[in-house]
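A.B. asks: My questions will all concern the structure given below.
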Ligand SMILES: C[S@@+](CC[C@H](N)C(=O)[O-])C[C@H]1O[C@@H](n2cnc3c(N)ncnc32)[C@H](O)[C@@H]1O
């Protein structure tokens, strides 16, 4: 889809074509296209069908609004889902704040910010993306300034809050490297250093050493999947950061691991919290450390947001649990505890991991369906599943981990509470 074919969707004929394509959404694509071709030219049919298909896909992220909105495939993929965007924008609900959105995409965050009462000035480098964001603002009856420009062209000092959700490359290796963001991390930090306050949405796996001292960082998960880390920074934090971490440090630090022993206590430089959506449960760092002990009757898997926020000690306190290993984020306990922060399992057996032994144990239990989970294990789960040649009427949870240096398999069932 290019800018011209997108623009045609707003002509009277284009609106008709889109309406007809939406009616046909879900039908066989060839049948839908040939039906539409009776009334519209090929270019318009392509644009309308693409848009109708994207709206269908977008319902998962945007709910009822999707039916009125416009998308690009890439813009939809990168957009923040509505529950997460609204939660974040909710922190700016103070009213009338002027926010600069430095890379607005198709407008997922922009819309939530406007609805939270902010006055938003948004830019994006890509002209088609900007056209789509503008169309969305209008389609939802909102108002915001959206224009084609580089983030770098904004004057961060002109806003109460500078917001940025930089583009990230999707290949997993690079997602963790903030220098591969667009705009890059040094550019973002330079902008943040001129802002009165800033809010940066980043990948949940951001290495801790990139996080400015004094920032308040919130890891957010939605239905058990970690979606983002959000760095909230006010000018005091930003000033401290700029002095402490000149741009060169960013390049050097890429070579090092996030929370390496070289960087002791790095997590104490900033505030850490985790939030579960849609419930809104929140956990804030208290510095509690979990003790380590033998696997008990129950095993608890902390939510990924708490793990990323290094709040496993705090979760252990909530469930009265202990770590099975100092390096592995599995907790264990002897009494059943319910918490939104964990998935709980009742332990059936604990054994040193070996294919032969595990296969025999699952045969004996006549297990036909195994949910295989792992932390701290290098086992290839799909390969293992084939090698186990499961057969039987029962189902089980197999947890692969290591305790000390010992690869371990834990057989369990989901805790019924
Ligand atoms: C992750 S998306 C933003 C998604 C948006 N927050 C939403 O919820 O829909 C990042 C966007 O940044 C834009 N971008 C990348 N580099 C940029 C730059 N230097 N200046 C402005 N926009 C940029 C991309 O075109 C892309 O649309």
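Glycine is no exception: its Cβ is also placed from the backbone N, Cα and C atoms.
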A.B. asks: Can you dig out which of the ranges 253-272, 273-292, 293-312 TrEMBL describes as region 'Disordered'?
C.D. replies: 253-272
A.B. asks: How do the residues of the domain 'THUMP-like' (344-413) split into helix, strand and coil according to DSSP?
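C.D. replies: Secondary-structure composition of the domain 'THUMP-like' (344-413): 18 helix, 35 strand, 17 coil.
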A.B. asks: Determine the mean pLDDT over the domain 'THUMP-like' (344-413), rounding to the nearest whole number.
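C.D. replies: Average per-residue pLDDT within the domain 'THUMP-like' (344-413): 96.
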